[in-house]
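*Asks:* The structure's right below; bear with me while I get my questions together.
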Amino acid sequence: MRLPTVSILFLASALSSSVAHQNNNMIRSIANRHSQPLVAFAAHSISSSGTRTTAGRLPFSLMVRPMASTATEEGEKETEELKWSTDKVRSTFVDFFASSPRDHTIQPSSPSAPLNDPTLLFANAGMNQFKPIFLGQTDPNSPLASLKRATNSQKCIRAGGKHNDLEDVGRDTYHHTFFEMLGSWSFGDYFKKEAVDYAWELLVDVYGLQEDRLYATYFGGDEKLGLEPDLEAKEYWEKYLPADRVLACDAKDNFWEMGDTGPCGPCSEIHYDRIGNRDASALVNADDPDVIEIWNIVFIQFNRDENGLASLPSKHIDTGMGLERLVSILQDKTSNYDIDAFAPIFRKIEEHSKVGPYGGLVLEDDTTLRDTAYRAIADHARALSFALADGAVPNNEGRGYVLRRILRRATRYGQQILKAEPGFFATLIPVVVDTFGEAYPELVKNQDTILEIVKEEEEAFSTMLDRGIKFFTELESELKEEGKKQVTGDKAFFLYDTLGFPIDLTELMAEEAGLTVDSDGFTNEMEAQKQRSRDARAKAKGGGTKRLEFIAEQTAWLAENGVKATDDSSKYAWDVETAASIKAVFGTDGFLEEGSSVGSGETVGIVLDKSSFYAEAGGQEADLGTLVIQSEDGDVVGKFIVMDVQTYGGFLLHTGTIEEGEIKVGASVKCKVDYDRRRDVAPNHSMTHVLNAALREVLGDGVEQRGSLCNDEKLRFDFSHKKAMTAKQLRQTEEIVAKSIADAEQVTSEVMPLAEAQEIDGVRAVFGEVYPDPVRVVSVGSDTSVEFCGGTHVSNTAEAEAFVLVEETAVAKGIRRITGVTKGAAIEAIAEGKKFVEIVSSAEELSADTPELDKKAGAMRKDLDAAFMSAPLKAELRARIEAIQKKGIAAKKAALAGRVDQVLKTVKEDISAAVAEGKRALVLNVDICADSKAAQKVMNDVKSVAPDMAFMGLSEEEAGSGGKLMCFAVVPDSLVADGFKADAWVRAALESCGGRGGGKPGSAQGQAQECSDVDAVIAVANEFANESVGATA
């Protein structure tokens, strides 16, 4: 609903002095609730003497309502200085917490797409990067380990997974897929009192929010959880707020949990009443758009496991406040999309819109969906820009598919609703970069890459969009004509599988058309495609055995019981047997009590005081081996097979099975690492470093590592690159790595302060990875490679013996994967390559008229494809084999052409003889090597020489081979009229040898894959013809 300006002015002038205060509030409420520009006005009242006076002027920001002004008008207003721009609100928050006496460390935002955390599609909260602290899994040498207080503005995306706002974006004025979360944290430092004090000081004293508009909630207790009300938080808030604005809420609103298990605790929310001068306590947490939550302060003090809740040894503070929502309050906008950060994006959208500027309408008022489209497109442009800048790419799996859905949703809104031309969406990217690039320089750095990906994705979908919209529109009409209201699962799957419409986009379009979608039917259609990926996900490490791991409760238990972090300093040593003592034994039921033991066949995790085992990290698989259990006298009394080693907060957990004897806390063991296996792992890791450097030399500095795997069989390296590498590039890369091995370069390591290491010229680090301080720096040669790395390596590249790049393939859009091998596997691959070089060279010497040269080349190609050998060599040999195959095919075609001429001459003679004998049908075995073009020539000649005769030709691909047999037939109209049909004739003939055929009554064809008796087929064909017309060959 929108009121005319005159109505607002009338209301303003009609105020009476007796209700001036209340009416001022009413005007403010009307101004805030209606999406329309309002002129500045003074709220007047009538004095007791009858003269008109000003009853109290509202703040100008409340008297001017720019919500529904066009993007152009907003642009003109941008010349006016904003007191609280988005950039200023963000920097003020961070500066407040970083300054004395609060002294929080400014921790940069982690990537919105956490490439190194497979448990998250996207960063959906500021605390994500601090999970290791909350879970007690922080490496003691990590910078996080010493962190006591932190603050930042975190890039967040909530689309897909548990936190998914995608479907709501555009429909209202406050949902986003991308947003910024202002956050502050305390890790075992200050707690509730300081958190409340800081929040109040920032909101009221710094940002200047009105105290009488603020409300605070606290956890009201939960009998089922066995938790009392958080009266401590309530007491702290009542220092600042009256008791009636400090509200108790249930666990649903005021008890935060990371997941089904893990750290958790009560929280306290701060809510803001946009209208003010009233009691809005009943509207808190009631989904009222004018009473909104702006800040959540979580008191992390418990840990949940299968046994319930237990207090944490260290208590933490985790706060989060949506930047856009706070800015909307400070700029007096009831819509997040009306703040300054969105204005330039809206202006750019307006340039492309053919249905007018943004009007601010929502829900049922937005009948054309124009304003819904503006909001969704602007939001999606931000989400994609940030996600792509952080290294994510659109594809058909996981976060990549979510990004593809977001882009296609925006494209559909723009082209169908706003009537924008294809390609409009890519033009928004530079606007997003200009708007946010100063705060987030990665946008500027990666702008070209973002644009390239968006353009490619938008263009690909635009080619299908018109077809999809046309299909859906026709389907909508069809359903409504039939009185149906549901899009069937198979139709939704067709839109998804053939036209690239994600199911949520189909559901959105269906909702707009007043229809629903059979989601279950769609899911059933998807089942076959998803089966393989489900099976893959279901396979857990260790054959499906429950993986043992530590979280905060376990690491805290170890610390409380005097267990120190495992000394793994000997993990870089070779051929040592480190003597150690068992400090803890952990199983599915928890820690083993002192004095108890577990026996043969049990799978448990063991914590030692010292260990020479390398724990899985940095893409390198863990060491395997044995813990030899010893008696007090040093005798061997048992054996524990180590199958996995992981590190949690400095504690190494050796997981495996007791093969002999028993184990208990305090027992002595000797660590016997399988060094033979490690000698196969180490060269693969070292050559991964050289490969990384080689790729940058061949492809350029744009190459960034996106993942790796090093084990005893191979090395695998994922990297950013926009297209497949050429055979030449692969060859160059392989040669660079091989040369490093041939040059026998020294591989050295040095531990140094992180800041010092970061200054090393040319040093490489993995994007998004958190490195310890001090950090280990591994160097290959004098200048071949320098990387931060904690893995095990060879001492000289010559130990790798050889290197072969066996595969290069795509992982996702813009991400390539190389697989390589070293040592024995590489030597075998080189030998296999040499063998194929000889085979191909010999084949190249064969003359073109060598019988079946093309088939021999085809068989050679299949063998080559299956061979384990150098990928660049395979590409080169494949090209040479294709040349041999083409040579053979060309010779065969030339021979066939001469043969066909002879065959045609013979066929004409046979047909003429049959006509002279008065025959009406003829079946011949023609020697044209089952060539379809030659068969067509034969049929054309038959029609020319004997237009009234039925003719069938049979031709073997290779005479007398018993292989493929082709059959073709032509029947004149006069015989078709008598019931003699070519398609039935072909089917009958081929049925005798398991073949199939079809066509029309006048012309048909077919084939059998195998036929050992062509004469029998001819007999069947003659019999059919005789029965049909009584005249055969």
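Cβ atoms here come from the backbone N, Cα and C positions, even for glycine.
Per TrEMBL, signal peptide is recorded for 1-20. The domain 'Alanyl-transfer RNA synthetases family profile' feature in TrEMBL is assigned to 84-832. TrEMBL lists H685, H689, C789, H793 with the feature Zn(2+) binding site.
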*Asks:* Might you list, by sequence position, any residue in that chain lying six or more from H685 (Zn(2+) binding site) with a Cβ less than 8 Å away from its Cβ?
*Replies:* G619, Q620, C710, L715, C789, G791, T792, H793
*Asks:* Quick check on the binding-site residues H689, H793: which one has the highest count of other Cβ atoms within 10 Å of its Cβ?
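*Replies:* Going through H689, H793 one by one, the largest Cβ count within 10 Å is at H689.
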*Asks:* For the domain 'Alanyl-transfer RNA synthetases family profile' (84-832), provide the mean pLDDT of the predicted model.
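*Replies:* Taking every residue of the domain 'Alanyl-transfer RNA synthetases family profile' (84-832) together, the mean pLDDT is 90.
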*Asks:* How many other Cβ atoms are found within 10 Å of the Cβ atom of C789 (Zn(2+) binding site), counting all protein chains shown?
*Replies:* 26
*Asks:* Around the Zn(2+) site (H685, H689, C789, H793), what further same-chain residues have their C-beta within 8 angstroms of the site's C-beta centre?
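*Replies:* Here the nearby residues are Q620, A682, S686, T688, C710, V747, V778, V780, E787, G791, T792.
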